[in-house]
Amino acid sequence: MRFSDSIEAGIYEPWRDKYMNYPELKHLLKTEEEAPSWGENDESKFVSVMDAQLEKVYAFHLEILKELNESVDWVKSKVSASQEPDGPPISKEEAIKLLERLDSCTETVKKLEKYTRLNLTGFFKIVKKHDKLYPGYSLRPVFQVRLRACPLGSVQFNPLLAEIFSLYNTLRDGLSAPSNSVQVKPKHEHNVDYNSSMYRRRTFRFWVHPDNVMEVKTYIMRHLPVLYYSGKQGFDKDQNGVSGILDPISTCLYLDNSNFDLYSQNLERSEQAYSLRLHWYGKLTPKTDIIVERMVRQGSTLSHSEDRFTIREKKVRELLSGRYDFRKVEDDHSTTASDQKKKLIEDVEQLIVDNHLQPVLRSVYTRTAFQIPGDDEVRINLDSDWVMIREDSLDIERPCRDPEDWHRHDIDDADFPYKHLRKGEYSRFPYSVLEIRECVRYDEDEPLWISELRNSHLISEIDGFSKYEHGVAILFEKYVSLLPMWVFSMDQDIRKDLQEVYSHPEGSAGSRNVYIKRRNQRVLKQNMTPEPSQPSPLVNRLKANEMHPVSEEPEDNREVYRNEHGDHFNFRSIPGLLKPSTYGSFKHHGKTFVTPPHIKKPEIPLRVSGPIKVEAKVWLANERTFLKWLHVVVLLGSLALALYNSAGERLGQAFGVVYTLLAIFIGFYAWKLHAKRSQMIKSRSPAPMTDYWGPLIVGTALAISLIVNMSFALKDAVYQNLIEPDRLLVKLFT
């Protein structure tokens, strides 16, 4: 899709006149002319029009932002006044109106963010097109100067959103209406042992397209507060969130050896695959505390055990060389280190020395964390502006990092997007990464709002995704022999069509969403109260998009039908005789199995209850089947050609023509079958691909032709007195 069509499709109609006029600027560039001429007058006119468009967009941006701040400040004043000792309390009706106003502010923030991003992208594209058409009039430096005066690209909506949803949670907690959000637990429940056998830990990772990041943030903020990080150290949470850092820059330095053994172990899902990284927040200074994290992945799942300890920046070199003195750490911190921590440090040192580990990859991203302080039941991380940078010294002649040092100093003070780096030293990830960590009891379901988010059109789940594995696969491709599966789908658009996701019952997540919709309806009916409450946007979409219902025929009627028609035989049951489970089908024919009362028939087939994922081997199996059929065609065609050219015999020529027609029929059948299965794979249809009648018909036709050919040949031999009729059976069986 061209950008002119994209900006037209993304326009919010009430603000149409406030957008940049991209077609007009494109027309001024004379893109429609074959050999356009460009002079000073054309340049001056284009720059003046573009500057006026930029000022118009920025003025409207400031106007809407001012209105938003005024609305939020007004709600904040109401809430603050009610919290005073002698302040008037907020009634339930007033609280609902304030919540509606905050919801309106949230929707406006989403529209304003999309408006700003769309216009800013348009300006960058038109400047790039200008410099490409007329390189003698470089406009990019001038545009960068104008952007400093109209800083559309440096606008941060997260502080405003955090304030909105802080008020939102305060007002919602004062209402008695139930909520699907994770509730804030009392202090005496914060010390729950989530590592016990009663709880299960699950981790999900998703890719989020830049167009959906703001909507994902606003949806999560309705249910979880944003974590603030203290200015001293990132992993210490600021409980009051007043003077903290909202979206800190997080840096991870991964360690591996020249053979990338840790990468291979994690990619192959070994039983105990280690990962080792150095982690810190903000700029790296001599006083920065470095978090050493050792992770051990258990099998093929994303679950892993994680151990960590903290050291100062000046001690990292000693740790990597195996000369780290644990007793000095005790003196520096004036604490008595436990034996467990001492053993952890010794194990990490042993892991580094035995495997010759060294820093190879740096991962830098902006992290937005959502979690109730002190509660590990649900934690969500949203990592944006992710850049992967080589930190290795594998190339002796041109090392990216000084082999005598443990990190690159040219990156420590640099900022995103690190344009000073050479091509091939870094790679920018095009999406944001969403990670959901939940720890729930085995007898409980996950919160409904998380189920809605996981199955929505806003995010795309990637099984087994790892930042380290992706970074190595992109930047060190020539050093490794295996690549993760998701690398091959990087060029695909991860955005999903809203109508297809929520309306199509046979889509990738359609069947599961039908189930979620019905479960949500049951919960809403159970929790329904007279007080109005604001439903989540995803529930509204589920209600607005009607789906095809699943058959609700009573089980008794189906049993009656089976009892009445189960003993009848018809030709439609012939394919069933060819299945491998024929013996089991006849053995249990006519029997009725009684299931326990707590087991119910699933509303949807289990084989389509989750996302249908097509692996590469499915395509290869279809191609292999087609080639097998072509092999049969070639053999049959060769036989037909040999018979047709057999010493001028009319019988051989006749059957040569018959075999040729049969080969053409088989080739046409194989082609149609291959095309049909390819279409089913592309559409991810859950229908079976088995074809019973095709091989049966082809085999029968071939057998009949061979029998007829043999009978005619024998008859001709008898007719020519080559075989005596009374000795025919003797000739056949000797």
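In case you wondered, yes, glycine gets a Cβ from its N, Cα and C as well.
Computed from a predicted structure; not experimentally measured.
What Swiss-Prot records for this protein:
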type	residues	note
DOMAIN	1-144	domain 'SPX'
MOD_RES	Ser181	phosphoserine
MOD_RES	Thr529	phosphothreonine
MOD_RES	Tyr583	phosphotyrosine
REGION	125-132	region 'Important for inositol polyphosphate binding'
SITE	Tyr22	site 'Important for inositol polyphosphate binding'
SITE	Lys26	site 'Important for inositol polyphosphate binding'
TOPO_DOM	1-624	topological domain 'Cytoplasmic'
TOPO_DOM	646-650	topological domain 'Vacuolar'
TOPO_DOM	672-693	topological domain 'Cytoplasmic'
TOPO_DOM	715-734	topological domain 'Vacuolar'
TRANSMEM	625-645	transmembrane segment
TRANSMEM	651-671	transmembrane segment
TRANSMEM	694-714	transmembrane segment
- prompt: Mean pLDDT over the topological domain 'Vacuolar' (646-650): what is the value?
  reply: 63
Field: For Tyr22 (site 'Important for inositol polyphosphate binding'): DSSP state (helix, strand, coil)
entry: helix
Statement: The DSSP breakdown of the domain 'SPX' (1-144) into helix, strand and coil residues is 110 helix, 0 strand, 34 coil
